[in-house]
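Colleague: The ATP binding site annotation in Swiss-Prot covers G45, K46, S47, G48, S49, G50, K51, S52. Annotated domain 'ABC transporter' per Swiss-Prot: 13-229, in sequence order, evidence recorded as sequence analysis.
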Amino acid sequence: MAQDARRLEPAAVQVRSLVRGFGDKTVLDRLDLDIPEGQFVALLGKSGSGKSTLLRALAGLDYDVEGRGGTLTVPEEVSVAFQDSRLLPWLKVLDNVTLGLGRTGTSRGAAALAEVGLAGREKAWPSELSGGEQQRVALARALVREPRLFLADEPFGALDALTRIKMHALLQELIRRHRPTVLLVTHDVDEAIALADRVLVLDRGQIVVDEIIDIPKPRALGDSKFHEFRTTLLGALGVEVAAQ
């Protein structure tokens with residue numbers, strides 16, 4: 001029933017028979033995917049499974065890939081955040097957020113920084129910020145453009161555990177306010193279950209697991225249904241979980 005419901009809803013992302021390869025290696029193998037408007041999808045997979053390749057294809061950043069085929073339909077308004085915040089070190093924080101926004105940029109950028117808890121840091125240099133603060137700036141830069149599709153490639157992977165928890169809460173609040181469609185690439189199964197409406201597992205260029213996470217938020221690790229999803233997803237990743 002969940003699969004049918006996904007097909008009936010308007011799709012923000014539609015992928016058909018997507019192929020991406022490097023040399024003799026096929027990374028994405030005739031992959032199909034629909035993501036409805038406003039859905040938060042987390043993408044799991046082993047290293048080399050094609051997660052970042054798919055995200056880069058959706059972002060239009062893989063124009064130099066030789067082995068390619070299939071079709072992609074995505075909104076024009078797309079923003080991307082990476083594990084590395086990719087702030088320009090020669091620009092102050094506000095200028096990083098507002099780059100390319102035009103005359104209304106200053107007020108919009110200041111509001112976006114306030115939204116991520118960095119009011120008053122507009123004139124700071126990126127080097128003066130902690131890793132968590134830099135990722136907050138990256139989120140502000142992405143969402144100030146009001147994207148219809150937000151792509152995030154392990155944006156919290158380099159942060160400590162406490163900062164990650166805080167960033168999870170911030171991301172959920174920002175998504176609630178701005179309501180983009182989201183694709184989050186992560187290696188963290190618990191992060192995927194805690195945040196997403198739907199979790200995919202990519203293996204050998206194909207989606208092998210597609211789960212709707214129907215647990216009310218906030219989601220607790222100790223919840224029995226959380227454990228069931230965790231066991232299923234870890235199993236798909238080749239990790240055995242001891243019975244409880």
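Just so you know, glycine gets a Cβ as well, placed from its N, Cα and C.
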Colleague: Which whole number is the mean pLDDT over the domain 'ABC transporter' (13-229)?
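Modeller: Averaged over the domain 'ABC transporter' (13-229), per-residue pLDDT gives 93.
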Colleague: Taking DSSP three-state, what's S47 (ATP binding site) in: helix, strand or coil?
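Modeller: Where S47 (ATP binding site) sits, the three-state DSSP reduction gives coil.
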Colleague: Determine the minimum-neighbour residue: among G45, G48, G50, listed as binding-site residues, which Cβ has the fewest other Cβ atoms within 10 angstroms?
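Modeller: Minimum Cβ neighbour count within 10 Å, taken over the binding-site residues G45, G48, G50, occurs at G48.
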